[in-house]
Structures are given as structure tokens and as C-alpha cells.
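Asks: In case it's useful when we look at the structure, here is the feature table from TrEMBL:
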type     : residues : note
SIGNAL   : 1-22     : signal peptide
DOMAIN   : 35-307   : domain 'CN hydrolase'
ACT_SITE : Glu80    : active site, proton acceptor
ACT_SITE : Lys179   : active site, proton donor
ACT_SITE : Cys212   : active site, nucleophile
Amino acid sequence: MVPSQPFLHAVVFALTVLQAIASNTFIAAVYEHAVILADATEEPVSADDALALMNKNMDVLEGAIKEAAQQGAHIIVTPEDGIYGWRFTRETIYPYLEDIPDPAVNWIPCTDPTRFAPAPVQERLSCMARNNSIYVVANIGDKKLCNSSDPSCPRDGRYQYNTNVVFDPEGKLVARYHKYNLFRRETQFNYPKEPEAVTFETPFGKFGIFTCFDILFREPAVVLVSELQVDTVLFPTAWMNVLPFLTAVEFHSAWAMGMGVNLLSANTHNVSLAMTGDGLFTPEGPAAYHYDSRTEEGRLLLAELSARPRLSPTYPPAVNWSSHATSIKKFPGEKDTFLAAVRRDIFTFSELRCKAGNYTVCQGDLCCHLVYQMSNKSKDEVYVLGAFDGLHGSLIKYHWQICTLLKCKSTDLNTCGQPVETAHTKFEMFSLSGTFGTNYIFPEVLYSGVQLAPGEFEVLRDGRLKSKHGTSKPLLTATLFGRLYEKDLPHPLRTSS
């Protein structure tokens with residue numbers, strides 16, 4: 001007698017769950033997708049044309065999902081905008097949206113596609129998860145009708161949300177998250193009325209989810225980690241790299257270390273928009289990452305991660321980020337400071353004129369302290385110690401405190417803070433600390449060629465970012481990136497109207 005297909009699926013699903021329960025680790029995957037974009041148009045396309053474009057992207061994603069499952073992955077994250085792209089107005093994105101129900105309805109679109117309004121994208125994603133016995137995380141658009149009884153209802157009678165969905169290995173919708181911090185160009189979407197803290201349990205830990213720009217704000221990012229104690233964060237993103245501090249792999253790796261959780265970061269890939277860089281990041285550093293600014297190819301990454309990193313014997317100890325810097329009784333003052341811009345942020349810099357030294361730079365309430373020794377200083381390269389304490393952003397303003405050891409673009413000090421991807425100077429050692437007013441600090445070390453430095457630096461319990469040995473590659477930046485969420489200005493655009 002040949003077993004029925006539902007029976008076989010139940011057996012495979014049960015084995016997958018038992019395997020995950022029996023282990024303190026799980027295999028995670030992320031896919032960096034070179035999105036097939038819709039033609040720019042001022043008029044909405046038909047629903048059939050919209051679905052045809054989305055199916056082209058889902059064909060690619062399905063191939064990655066199958067490959068990940070074949071390699072033993074329990075979960076895969078795909079990028080923000082990965083199914084339809086981003087060339088839209090509020091009107092032209094509408095044919096691409098579906099009504100996504102609350103996961104409490106206990107729905108498997110793959111086996112019950114007609115239960116709600118037509119949802120071919122959710123049905124196909126559900127089937128990808130079910131047919132491959134894997135959790136699938138994707139970013140799509142949600143639409144919700146409203147009327148005049150709702151004073152916040154938009155004029156066109158609907159809310160439109162940038163939305164993440166998660167389907168479990170049975171194909172059931174288990175999570176839905178509406179992006180709360182929209183980037184300034186996302187005028188096609190509405191802000192949710194309230195921030196959502198979305199979590200769900202798996203056999204291999206507690207998961208939270210948010211999207212791209214959300215990572216820089218207290219809600220939902222800090223709430224999920226500090227208050228709801230998730231083990232792993234799922235992070236679809238469409239991240240445009242910004243050196244020297246906000247390149248995707250650099251900041252996302254630092255965020256996972258600073259917050260003490262796993263971060264599964266899946267980026268879109270578009271070289272012309274400087275979109276690249278995804279990874280599987282842990283509290284100890286990157287388990288795997290990818291950065292490619294030259295080709296237009298997607299990339300699948302897999303790695304085995306701790307299911308509950310806080311219980312791991314290698315989990316980093318708590319850090320008092322200002323302890324060392326504030327214990328220095330007398331800072332060696334530097335008179336020869338100068339101001340230069342990192343994008344719009346005006347930093348106070350001091351040039352490192354010698355191959356070795358002990359420097360301090362202050363701005364506002366922040367003093368940054370550096371001890372260093374270069375091994376082969378290049379004559380045509382300038383390094384500086386910099387400090388910034390203030391609000392960042394043009395429209396949406398949020399507060400940073402940053403201490404950085406930074407390579408300048410040229411020997412002209414006016415170029416300090418401008419993007420640079422290559423260097424020749426290596427360091428025998430460096431130790432960077434600051435008098436931070438927050439414990440939300442993210443440690444970054446970036447080498448020439450936009451490469452991370454896993455295992456080559458450590459954060460001491462007194463707040464020093466310190467090289468373990470000499471740098472194996474020339475150094476671009478070593479940075480302590482702090483966020484003072486309580487000093488953020490009120491959001492000027494968060495409204496559902």
C-alpha cells in the first residue's frame with residue numbers, strides 16, 4: 001500500500017520538528033535576491049500583469065528555498081521588496097497587494113486557498129514552505145479597507161502596509177508584521193497606528209521579526225530583544241550601503257553583537273543603488289556573510305546557529321560601555337581638532353600624526369579615547385579619531401553617539417568621513433572606548449574591501465573595543481556606534497492618513 005501524500009508530509013514535518021527539538025542548534029538560511037523590477041509607470045497595471053511579475057521573482061525565490069531545504073535549513077529569510085521591487089506610487093502598487101489575515105485564523109493557504117479573498121502570492125509562499133518542510137519568511141504588501149467611520153482612513157479608502165509574513169513547515173501563516181518605521185521614500189505605504197511586537201515560538205527558539213529601517217529604532221527592535229527576550233530576529237531588508245558606519249554587513253553584524261541575539265539579514269541586490277550585503281549574524285560575530293558590489297547575482301547563505309544564544313557557554317558577558325573611559329582620571333587633551341562631515345553629521349576629529357599614540361576627542365557629552373599602534377603606516381594615508389554626539393537625519397531625526405577610528409579618503413583632512421573602501425595601513429593594536437550615555441552600543445570593525453573581521457577583536461566588560469592581535473588586513477574603521485533612543489525627536493510623519 002502506498003502512503004498518501006498528506007501522510008508523507010506529516011511524517012516529514014514530524015521528523016523535522018523532532019530533529020530540531022533534539023538539538024540546541026538550527027540551520028538558518030538567507031537569500032540575497034537580485035529583484036526583477038516592474039516597469040516604471042504612472043498607471044496601475046492589471047492584477048494579472050502584477051501577478052506575472054511577482055511569479056518571476058517567486059520562481060527565483062522558490063529555487064533558493066528548495067536548495068536551502070535540501071541542505072538542511074530549518075528556516076529561510078528572503079528580502080524586503082523581494083517579490084515586486086520598489087518602483088511604485090501609492091496607486092501603482094495597489095495591484096500587487098493582498099489582504100493578509102491575522103495569523104490567529106489558523107490558515108494554510110496552500111491547502112485552503114479560497115477561504116479568504118484571492119491570495120495567489122500567499123498561496124504560493126505557503127506551498128513553498130509546505131512542500132519543502134521549511135519556515136519561509138517573505139516581504140509582501142497588505143491592504144485593508146476602511147471607511148469614513150475611521151477618522152484616519154486614507155482618502156482612497158484603504159490602508160497599505162509594507163508587510164512581512166512567515167509560513168511554518170506545514171504552510172501555515174504564523175506571523176504577520178507591518179513595518180513601523182518607513183523609510184522616507186516609502187510613500188506608497190501607511191504607518192501602522194501602533195507599533196507591533198511580533199514574535200512566534202519554534203522548536204529551535206523564540207523568533208521576532210521587523211523590517212529594514214526598523215532596526216535603528218526602539219520600537220520594535222529594542223522591545224523585541226530587551227523586553228520580549230527573543231532568541232533570533234528575522235530581518236528582510238532593502239539596505240543601501242552607506243560608508244563608513246552604515247554598510248549592511250558592518251552595521252547588522254554589530255547590531256547582533258550589541259543586542260546579543262541572532263540576526264538573519266536578507267538583503268535585496270541592486271548594484272546601481274548600492275544594495276548588497278546579507279548575513280547570518282550572532283552575538284559572537286558573523287557566522288556567514290556576503291557583500292558583492294560588482295555583479296548582479298543573487299546569493300544563498302546557510303549556517304548553523306545556536307537556538308538559544310543566551311544559554312550558550314560562549315555568550316558574551318554584560319558590558320558597561322562607559323566604565324573604562326570614565327575611569328580615566330585625566331584625559332590627554334588634543335588641541336589640534338577639526339570639524340568634518342560624515343554625510344550631514346559634523347564630527348570632531350583629531351589626526352593620528354604618529355605611528356603609536358594615546359588620543360582623546362570630545363563632543364557634547366561624549367569623549368572618545370583611543371590607544372593604538374600602527375604596523376606599516378602608509379605615507380599617503382591619514383587616520384583620525386572622531387566623536388559625534390547629536391541628532392542624525394534630515395526629516396526623521398534620531399540620536400547617535402559615535403566613537404570612531406577612521407581612515408580618511410585622502411590626505412586632505414576635509415575628506416575625512418567621506419566613503420572609502422580601500423586601505424593599506426595595518427595596526428599592531430587598537431583600543432577604543434567612550435563615555436557613552438547608553439548601553440545600546442554596536443561594535444564595528446571594517447577592513448579594506450568592505451570585509452568584516454570575525455574573531456579578530458573583542459569587547460571587554462569595561463567597554464573597550466580592542467584588537468586581539470594585529471589586524472590581518474588594512475583597516476577602514478573601528479567604531480563604537482551608540483543609540484540614545486530617549487533623546488530621539490518625535491516622528492513627524494507617523495500617521496495613517
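A Cβ is built for glycine as well, from the same backbone N, Cα and C atoms used for every other residue.
Those TrEMBL annotations? Automatic predictions, nothing curated.
Map these features onto the structure and tell me what's around them.
Replies: Its own atom aside, the Cβ of Glu80 (active site, proton acceptor) has 26 Cβ atoms within 10 angstroms in the protein chains shown.
In the structure as shown, the Cβ atom of Lys179 (active site, proton donor) sits within 10 Å of 26 other Cβ atoms.
Using a 10 Å radius centred on the Cβ of Cys212 (active site, nucleophile) and all shown protein chains, the other Cβ atoms total 25.
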Asks: Cα distance, Lys179 (active site, proton donor) to Glu80 (active site, proton acceptor), nearest Å?
Replies: 10
Asks: Using C-alpha atoms only, work out the spacing between Cys212 (active site, nucleophile) and Lys179 (active site, proton donor) and round it to an integer in Å.
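Replies: About 8 Å separates the two Cα atoms.
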